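Encoded as structure tokens, the structure appears first; notes follow it.
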Amino acid sequence: MSTPSAPHGDLTDMKAILAKVAAGNALNEAEASLAFDIIMSGNATPSQMGGFLMALRVRGETVDEITGAARVMRAKAIPVEAPDGTIDTCGTGGDGSGTYNISTAAAVVIAACGVPVAKHGNRAMSSKSGAADVLGALGVNLDCDLGLVRKALWDARIGFLMAPRHHLAMRNVGPTRVGTRTIFNLLGPLSNPASAKRQLLGVYAKQWVEPLAHVLKRLGSEAAWIVHGSDGLDEITTTGPTTVAQLKDGEVTVFEIEPEQAGIFRARPELLKGGDAHVNAEAIRALFDGAQGAYRDIVLLNAAAALHVAGKAGDLKEGDERARHAIDSGAARAVLQHLVSITNSSITNEPVAAP
């Protein structure tokens, strides 16, 4: 796909852009779009790319810069058509927590409540099991035709969008390693190929909660919660309070929530620790078969928040009740089985059912 057609800033090449950021100056959105277009088109040298990313990192990326970069990521992505009302539950990763797969399990529960979920993700960054790892262990075919991803999204109400398959331009970035987090750690959750207009987005550091809400506002999101747990999780945590930046009706507000608001007891952090993909897959199967405990509680809390963002629950308590019913009725287990079945099927010319 072509990149955004909006006019760029005054800078016209990577050398000029690099000089500006190296001097400690911020780029405007158009200049940032130009820079990332150059990088993702393979027209920046490794040294230019590394220097640019580190200069942004040292100074601190701005809302303009993140927005401009995300526009390029979105424009270059291979898209997937999604139903109206689709939500994404995604995190930046990198929180180093090693928990069970929380947002992935919550995504299945949300879909079982009737809300389409375009789950955008990748393999593990900070744990032994990322979204792709655990879904693969559950039997989802991660290499299925993209037509089947679309079919799953419409028919099972959940599709897994494997980031490297949709963001081919990232191949031009992959060889560059600067040994620390960069803006690209933030861009994945902002670049859903299904153009989901509603997001529950977890971040690895509290400093990004409010800025990313403003980025999503600029990118046209209708509603979003950007969250960071007080224990460091890029999820809504059950061990204590969670900082939330809410995008609603074009306004961004920041507040804290507590698990008790959903009727959920606080948990000890060690009860959320997971294992490798197979251990975490078994935990998800047990959860959908009715297992109780801290893992169920944190999945319920995150699903409840997503249902609220999706406009399907007035508050966390109502969202929690809907999520509980989705698990206890067997609907979540059925959705997972449907997802596995579709991704392991053959492409047909049958029309995709509307939700």
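Here the Cβ of each residue, glycine as well, is placed from N, Cα and C on the backbone.
Annotated features in Swiss-Prot:
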- G91, N122: anthranilate 1 binding site (BINDING)
- G91, 94-95, T99, 101-104, 119-127, A131: 5-phospho-alpha-D-ribose 1-diphosphate binding site (BINDING)
- S103, E235: Mg(2+) 1 binding site (BINDING)
- R177: anthranilate 2 binding site (BINDING)
- D234, E235: Mg(2+) 2 binding site (BINDING)
Just jot down the residues in the same chain as S103 (5-phospho-alpha-D-ribose 1-diphosphate binding site), at least 6 apart in sequence, with C-beta under 8 A of its C-beta; none if empty. T89, C90, G91, K119, A131, L200, G202, E235, N302
For the binding-site residues H120, R123, work out the Cβ neighbour count at 10 Å and name the residue with the minimum. R123
CB contacts for E235 (Mg(2+) 1 binding site) [other CB atoms within 10 A, all chains]: 28
Length of the line joining the Cα atoms of R123 (5-phospho-alpha-D-ribose 1-diphosphate binding site) and D234 (Mg(2+) 2 binding site), in Å: 16
How far is it from T99 (5-phospho-alpha-D-ribose 1-diphosphate binding site) to D234 (Mg(2+) 2 binding site), counting Cα to Cα, in Å? 10
Using the structure shown, find which entry in G91, T99, D234 (the binding-site residues) has the sparsest Cβ neighbourhood within 10 Å. T99
Using Cβ-Cβ distances, find the residues under 8 Å from N122 (anthranilate 1 binding site) that belong to the same chain and are at least 6 apart in sequence, listing them in sequence order. G93, G130, A131, A132, M162, A163, P164, G188
